[in-house]
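Features of the protein shown, as given by Swiss-Prot:
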- 1-19: signal peptide (SIGNAL)
- C23-C45: disulfide bond (DISULFID)
- C28-C124: disulfide bond (DISULFID)
- C55-C117: disulfide bond (DISULFID)
- 73-211: domain 'SCP' (DOMAIN)
Amino acid sequence: MIKKLSIVILFSCISFVLSTNFCNKELCKRQNGPQSFTYLKHIGCRHTGKNANTCPRDAKILPMSTKRKNLILKVHNRLRNKVALGKLPGFPKAARMPILRWDDELAYLAELNVKQCKMEHDQCRNTDKFKYAGQNLAYTMGTPQKNAVRIKKLIRAWFKEHENATASFIDKYRDHPQGRVIGHFTAMIQDRTDTVGCAILRHSGNKYFFWPVIMVLQI
């Protein structure tokens with residue numbers, strides 16, 4: 001019998017030696033009003049680095065090899081270049097579109113997210129270098145398939161959200177008025193986005209394989 005497969009991928013970056021004090025509350029300070037602030041919880045603050053207790057016993061992080069990093073960057077940059085050159089119908093050429101680069105500190109924070117073993121955004125993953133780190137999440141289920149194929153499909157699924165978006169959504173970085181999902185696409189092709197990182201977790205819980213996939217970009 002062929003086991004079903006479930007995959008989630010997490011994108012984020014870090015240069016390993018960690019340089020940020022993740023418990024510095026100023027990293028996650030959000031202004032509510034002139035004199036009103038909220039301090040969000042940082043995913044890296046006091047994190048043990050271990051999988052959550054709710055994870056299946058066989059849950060494990062797949063190594064983010066150089067080959068895998070390059071694949072993620074290649075797919076993203078090709079899709080971003082398509083927009084930059086004005087080859088995506090309904091979207092003008094981009095005045096600037098930086099080539100995405102990898103950052104290991106963000107990848108580390110992405111890894112902490114997937115170690116929750118659930119499809120859920122964390123409240124904050126900012127660093128000293130990246131004050132506005134966004135996050136894309138995805139997962140997939142199905143029959144066994146090569147990791148590279150899964151990664152490509154998930155990234156392209158984010159990009160496919162362009163069918164519900166217009167250039168104005170990108171310029172103002174706003175939600176769709178009718179609630180359609182476009183946020184992954186707008187994060188991917190923002191000209192302010194120049195850094196990306198990833199993490200992949202896989203497990204077989206309840207007769208399923210599960211790979212959480214999350215993406216963190218500087219926005």
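Cβ atoms here come from the backbone N, Cα and C positions, even for glycine.
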Cβ distance under 8 Å to C124 (disulfide bond), same chain, sequence separation 6 or more: which residues?
L27, C28, L40, K41, H42, I43
In whole Å, how far does the CA atom of C117 (disulfide bond) lie from that of C45 (disulfide bond)?
18
Counting each residue once, how many in the domain 'SCP' (73-211) are helix, strand and coil under DSSP?
53 helix, 26 strand, 60 coil
Quick one: what's DSSP say for C45 (disulfide bond), helix, strand or coil?
coil
Out of these disulfide-bonded residues, C45, C117, which one has the fewest other C-beta atoms within 10 Å of its own C-beta?
C45
Determine the mean pLDDT over the domain 'SCP' (73-211), rounding to the nearest whole number.
82
Where's the emptiest Cβ shell within 10 Å among the disulfide-bonded residues C23, C28, C55?
C23
What does the structure give for the C-alpha distance between C55 (disulfide bond) and C23 (disulfide bond)? Integer Å is fine.
25
